[in-house]
């Protein structure tokens, strides 16, 4: 037996995790590519004004869906922790579906007064509403498959949903049915249609049982996901704050150059996202003692997944930017290195925050997000007027670093400062009503 074989056999967790992460990465990459193609095809089929209307409606949708994007959060943890107890899985699943359904109703009600203010016409408003329901189905389905460890199904579903929306607009375009409202409605049925098809070929072994739903359980779940919702709001604000402030303090042209550079660095988020999604259900099942060891291994894998691509992107930033944009954005690289560093720091934050999510402690990530948001906004006001785009990049990187620092310090204290972990798993009994 070779030394390499011996080493491989000692690392079953890592090898299994790498396989699962690779599946998630491939699914996410394929789905994102299809999503990108949807925008390209829509832009070619619609006239500029109509495509602008579609993009505007999707921007409204992104804001309206903040609650729904996070409502199913945490479901995967409790499904994973109860793999041998199908009744308890069905209990959590049924009540989480009820919470998500109520969140959908709340989101639709909140959308009503926005419709006239945002000047959404009748079918555009219908399209946004359909898309809210679509997001509820999409997020719940992904969380359920993740909790069950069905990563292939999860990747296929995500890819299928984006493929269906692309095929739908292509067919509509070929038939001569070209309008922003129609494309928005077609976009909004993709995840629901994909869920129906997946039910035929790979049914989910979970059942919604209305008799298991209780208001007490709904309230406990609502309290549990509150930090996740807050974190989602903070993330949305933090991620876009630098671009918004550059646009306000400098110019729209400066913001465009900065945003173009930031878009290129987003590819670095794919690997830690896949690692986080694959690792969290496993970590949720492990004891605190075992988890202390696995976090170190997880950080090692994260380093391999994050640092080499980031270094390569930093070294090749000139050719990459030219390939993507040509000479259209002359200042696209002004803040690129700072943005590259910022995304690296955020990637490590995602990994450590997912550990606390697996432990059932979402408040840790939410608190770190709050600190990072304040750091970015405060520094941006100080640095952008004097350093320009570089000031925005530094502000973003410092905000990412602040988030990583908070969660790293808490991890060092909560998991490693004593012979035993000071902060461990949230017991399932604390969630059961």
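For all residues, glycine too, the Cβ spot is worked out from N, Cα and C.
Annotated features in TrEMBL:
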type	residues	note
TRANSMEM	21-42	transmembrane segment
TRANSMEM	54-71	transmembrane segment
TRANSMEM	92-115	transmembrane segment
TRANSMEM	121-142	transmembrane segment
TRANSMEM	154-175	transmembrane segment
TRANSMEM	181-202	transmembrane segment
TRANSMEM	223-246	transmembrane segment
TRANSMEM	266-284	transmembrane segment
TRANSMEM	296-316	transmembrane segment
TRANSMEM	336-359	transmembrane segment
TRANSMEM	366-388	transmembrane segment
TRANSMEM	394-416	transmembrane segment
Considering the transmembrane segment (366-388), which listed stretch of 54-71, 154-175, 336-359 counts the most C-beta pairs under 8 Å: 336-359
Interface-richest range of 21-42, 54-71, 181-202, 266-284, 296-316 toward the transmembrane segment (223-246), CB pairs under 8 Å: 54-71
The transmembrane segment (54-71) touching the transmembrane segment (336-359) per 3+ Cβ pairs under 8 Å rule: no
Contact between the transmembrane segment (121-142) and the transmembrane segment (296-316) (at least 3 Cβ pairs under 8 Å, separation 6+): no
Positions on the same chain near the transmembrane segment (296-316), where near means CB under 8 A and six or more residues out: 11, 13-14, 17-18, 21, 264-265, 267-268, 271-272, 275, 279, 283, 336-337, 340-341, 343-344, 347-348, 351-352, 355
